Ligand SMILES: Nc1ncnc2c1ncn2[C@@H]1O[C@H](COP(=O)(O)OP(=O)(O)OP(=O)(O)O)[C@@H](O)[C@H]1O
Ligand SMILES: [Zn+2]
């Protein structure tokens, strides 16, 4: 029976019940009808009453003969307090004190009516729940919205592998949850909202559960996508409910998956404008976030893979002001994740997690979990009693085919190009003075568009930059393309962002900072008057107020600057070709290189300080 038919049957039963109830009520009313006290007195005087009972407020009795309407019983309001004394005079048999008419009423009709109303309410609630309405629409009773709570998730940090940095950051939250009161006293900054940011399937949900599991606190969860297409007010009511329930169980964790579905910046996308449901829900969430004291021991974790579309209000201090990056694993991370999941199936002796990890660049934690499952399935299908390396090989092929279709994996040639490109950035940065040191180089695709990345660690905030510094910065950006040209002899499309950045800097040098000899100390480009309007939005394109000829010179100068810097990057990398090859190979193997290892690789075995190389 489907949900729908079950439902209709429920309504049919309710309707039949209603008809019976009405009939019953009518018949009861016919038998015991209330009559005015004056009528009662008349009947009494005429000697038509057989028996009578009294309570302190009612008189109830039977008649010797039914009235014309068939009525044999009656009730009336008791007016005379001394009433019972005169009954004998009229030959009425006194049946004594009526315990309570209430009890009789209860049995005769109040109970059935209550039962009926209860049944109706229950069915309505079932209906509302099946529609995902929670209790918001039916305001009778306490609503029980679809909030998932696990008293004990049973997940620990050991179950989440390959995301050590994220785990380190979240350990603090665990400590806090273990003794919320002490934490603040000892001067720790109390966490309130932590945003887990990373691509799908990297274990954000798992991490959140692990935090709850480690701290041994209940785990309340809800998904942002559940709020889509809800009736107005229901989403907000559910958020309120969620916080209320969690408060009662604090210390606890509230986990909001897919925060972007609910916390999309107001006024962006198809829901722009209008006071729609999501806006109300988001506002309620903001209210709840602000409305609790972190000492109460409630921590809100949320996950998103699109932090850039979140409403900035969510990221403000005191809300989700901490972000934890949960990235796709590198090779070492994949080995660890594979080990976690291989524990759950029977593995043959020839399986080497290291080799499987080498076969799976770009896989997320969820992909790897899926891989182990798939391999075990293949083994079962060939009736083997353990999963072998061959099963893993076959499973990898299947999954890779699927992932390639979704455009998430690079082929080996592409990986090599990306590795050289990123090392080009890194080596130029290492070789130039006054450039932010390289913190990490990676060829793990990050998001859409970025195939690899090089992170520089700013050493200080800069407000002024010299011409040399700007040129060095450009050289680092051009290093990727220079490396590609040196090694492969051709260029790829992978440098579009780099070129954009470089061109912006060069154009500003020429048109705003007066750094071109040909054009001199003249500002050709006006800053939009942001300091006047207080807006930080780009102003609408304005009229160019210099000559056509000057414009051509600007373009020429921009180009000259970029070409000069590119040549410099080329020379630098050509000179260090051996180091480039060595480090790129290492990067291909390990997928990420950290600052320490990178510096060591770059300087060894031809130890040469970066400063010396710059000359
Ligand atoms: N780092 C990891 N270690 C071990 N298992 C992992 C890891 N990451 C993912 N998995 C496996 O993948 C499954 C799905 O991961 P999870 O739902 O936590 O990912 P997610 O980041 O929340 O994804 P989404 O953004 O799609 O919700 C987990 O239940 C687990 O089996
Ligand atoms: Zn680049």
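Backbone N, Cα and C atoms are what each Cβ position is placed from, and that goes for glycine too.
Per TrEMBL, the feature transmembrane segment maps to 7-26. Here TrEMBL flags 190-330 as domain 'AAA+ ATPase'. The ATP binding site annotation in TrEMBL covers 198, 199, 200, 201, 202, 203, 204, 205. Annotation comment: TrEMBL describes 421, 425, 498 as Zn(2+) binding site. Under the heading active site, TrEMBL lists 422. The region 'Disordered' annotation in TrEMBL covers 596-615.
This view paints the features noted in TrEMBL onto the structure.
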{"residue": "198", "record": "ATP binding site", "Cβ contacts under 8 Å, 6 or more apart": "204, 303, 305, 325, 326, 327, 328"}
{"residue": "200", "record": "ATP binding site", "Cβ contacts under 8 Å, 6 or more apart": "305, 364, 366"}
{"residue": "201", "record": "ATP binding site", "Cβ contacts under 8 Å, 6 or more apart": "364, 365, 366, 367"}
{"residue": "203", "record": "ATP binding site", "Cβ contacts under 8 Å, 6 or more apart": "160, 163, 326, 365, 366"}
{"residue": "205", "record": "ATP binding site", "Cβ contacts under 8 Å, 6 or more apart": "255, 257, 303"}
{"residue": "421", "record": "Zn(2+) binding site", "Cβ contacts under 8 Å, 6 or more apart": "452, 480, 481, 483, 484, 492, 494, 495"}
{"residue": "422", "record": "active site", "Cβ contacts under 8 Å, 6 or more apart": "441, 442, 443, 452, 453, 454, 480, 587"}
{"residue": "425", "record": "Zn(2+) binding site", "Cβ contacts under 8 Å, 6 or more apart": "438, 441, 454, 476, 477, 479, 480, 483, 498"}
> If you average the pLDDT over the domain 'AAA+ ATPase' (190-330), what number do you get?
Replying inline: 81
>> With an 8 Å cut-off on Cβ distance to the 421, 425, 498 Cβ center, who else from the chain surrounds the Zn(2+) site?
In response: 422, 424, 454, 477, 478, 479, 480, 481, 483, 494, 495
> By the DSSP assignment reduced to helix, strand and coil, which category contains residue 200 (ATP binding site)?
Replying inline: coil
> Under DSSP, the domain 'AAA+ ATPase' (190-330) has how many residues in helix, strand and coil?
Replying inline: 64 helix, 29 strand, 48 coil
>> Around the ATP site formed by 198, 199, 200, 201, 202, 203, 204, 205, which additional residues qualify by having Cβ within 8 Å of the site's Cβ center?
In response: 196, 303, 305, 326, 364, 365, 366
> CB neighbours of residue 199 (ATP binding site) within 10 A?
Replying inline: 19
> Long-range same-chain neighbours of residue 202 (ATP binding site), Cβ under 8 Å, sequence gap at least 6?
Replying inline: 163, 326, 327, 328, 329, 364, 365, 366
> Can you list which of these recorded positions (199, 422, 425, 498) have a Cβ closer than 6 Å to ligand 1?
Replying inline: none
> Do any of the recorded positions 198, 200, 202, 422, 498 touch ligand 2, in the sense that the CB is under 6 Å from one of its atoms?
Replying inline: 498
>> Given a 10 Å Cβ-Cβ cut-off, pick out the one of the binding-site residues 204, 498 that has the most other Cβ atoms nearby.
In response: 204
